[in-house]
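Per Swiss-Prot, the features are:
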type	residues	note
TRANSMEM	1-21	transmembrane segment
BINDING	21, 25, 202	Zn(2+) binding site
ACT_SITE	22	active site
TRANSMEM	104-124	transmembrane segment
DOMAIN	121-203	domain 'PDZ'
TRANSMEM	313-333	transmembrane segment
TRANSMEM	373-393	transmembrane segment
């Protein structure tokens, strides 16, 4: 029951985020003298609407977004006589840019508010964990009897028996230098027998011989990344974990901006990698293992939201919503039509072009002909809609689950 409740709550939170995005456009458009014809939440048939002043407000049947209809957003629109002087495309560049940025800006504001609240209540995670092979804990070596499921074991493991402690930094496994925990684990998996391992402890290099223990682990087979059971070496160590840091009312402010900046970099990397994830999504639809690093749709996001609520992980619920708003802001600022960033790029281009013409003693040129940009816009739309359908299908037939 809580899982379904979580799905509904997260879907509602997404809808509110989109509604606030459009509200940002509407509020700034009004403040700068433009006419807002309609403000609707959802698409499709109208369920309810009312008119206040010159704006019609309403709710439509399909709760998958919303829109804010500003008069004269492009020169190709039909305008009523009272709209001609207030048409958006005729306004000063700074006004147009302000209106267009207000939507993504609202999503960014939501992200900042949520991250600030998380910093106060739960603390912020460290996006830059230790890059060295720092040992966090030692223990026995358990067999992975099935994917993600370890059998019970007791007693010290090979690392502990050899004298390796929590806080030690592994720098070499046999003849292989390692600079991260993943590199260390990979080197151990390939080893067997008694292997010299070099660790740094309090600035001193210590060589200790560790008896590598054979065990079963599920690892990628190298052909499409499918996980398969394999016999590998293990020494019974875990990576050092850096817990979240809680902040006060004032210290949380710079921490929020710093964390959001780091998160934006990660979001940018993820967006740049989208084309490389198509194959993994297709394999997931065909019944293969779903890569948790593949992108998700609104459907997948709501399922993850349901998982977080079902297990009482409200911090994950709000953090995921903050991250989603940051993604919405970032995508909408891409300088491609039909995104807000594409319209901003057109407005800035017109401004620079007319400044150059003015410097040459020429009059301002006509606004950009959006009809000539339609082919490029349609290409972007086809790619975006196609990718959305791919992710929705993958989320329906093979969703990413936090707990299974």
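Residue numbers in this text run from 1 along the chain shown.
Cβ coordinates come from backbone N, Cα and C, glycine included.
What you see is a predicted model, and the numbers here were worked out from it, not measured in a lab.
Taking the features listed in Swiss-Prot, we show where each one sits on the structure.
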residue: 21; record: Zn(2+) binding site; Cβ contacts under 8 Å, 6 or more apart: 66, 103, 104, 106, 107, 328, 332
residue: 22; record: active site; Cβ contacts under 8 Å, 6 or more apart: 39, 41, 66, 67, 68, 103
residue: 25; record: Zn(2+) binding site; Cβ contacts under 8 Å, 6 or more apart: 68, 70, 99, 100, 102, 103
residue: 202; record: Zn(2+) binding site; Cβ contacts under 8 Å, 6 or more apart: none
Chain residues in Cβ proximity to the transmembrane segment (313-333) (below 8 Å; excluding those fewer than six residues from its ends, i.e. six or more beyond) | 6, 9-10, 13-14, 17-18, 21, 101, 103-105, 107-108, 110-111, 114-115, 117-118, 121-122, 260, 263-264, 267-268, 271, 301, 304-305, 307, 339-341, 344, 402
For the domain 'PDZ' (121-203), provide the mean pLDDT of the predicted model.
-> 87
Helix, strand and coil residue totals from DSSP for the domain 'PDZ' (121-203) stand at 14 helix, 28 strand, 41 coil
